[in-house]
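Listed in Swiss-Prot for this protein:
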- Q121, R122, R123, N124, A125, F126, R127: 3',3'-c-di-GMP binding site (BINDING)
- 121-234: domain 'PilZ' (DOMAIN)
Amino acid sequence: MFNESDAPQPPKVLSTPLEIAANLRQLQESHDPLIITFHDRSHRFQSYVVHVDRESNTLALDEMIPRDGEKFIENGEHFRVEGFHDGVRIAWECDHALKISEVDGHRCYSGPLPQEVTYHQRRNAFRAALKLSQLVDIILDGAHLKGNGAMRGKLLDISATGCKLRFEGNVEDRLQLGQVYERFKAGNPLGLVDTMVELRHLHYEERINTTFAGVRFHNLSGQAQRKIESFVYQLQREARRFDKDDY
């Protein structure tokens, strides 16, 4: 639905255990990917919330991707966590040592719940989902793409600032979180050529043998920005007209 609540909101700082646990649990239940950045280090790592318990004041994060980020956890280095849930940015600082343990037989990092969480609703960047019958073909390529040849996939949804992509099979080992790929192309009717994108989210869904990637547009030209905004506006109009309740 489209109303004034979709307008941008200033960030809020959540400080009560109830609010913090509720928002972290949303990230857990939706399996929303997290971006982890260690202070004074350029690499980004991906994880997920796997356990939230307000009663015992504990939080557990899934094993990091790539795994080599674990050595920074072992060193007790501080880091920042950032996730997105339904257009809301949820972020916090981890400034204490975490314990490497297991939850349901899977490796994880556990510690206390954060004392503060930043909650920032960013609905102003309308994200338009494409119907399955209308998915746009995309090509992802660039100097830092691992493996042989460009990657071909589908555009699932798009906003003025980024888009979600789908690739057949497990392609996680070909991509690096935080990396910029300079040759992203999208077929008609969007028609983007050699656009720069930054990889923000990456998740392989084994059940359907599909990899999902979230990218943010990087240094867009004026022409590309206008193409994207026009395409989003077109999708927005169609969504209002045909599928109000679905968007």
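Quick reminder: no glycine exception, Cβ is built from N, Cα and C everywhere.
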| note | Secondary structure of the domain 'PilZ' (121-234) by DSSP, residue by residue, totals 22 helix, 54 strand, 38 coil
| query | Within 10 angstroms of the C-beta of Q121 (3',3'-c-di-GMP binding site), what count of other C-beta atoms is obtained when all protein chains are considered? | reply | 17
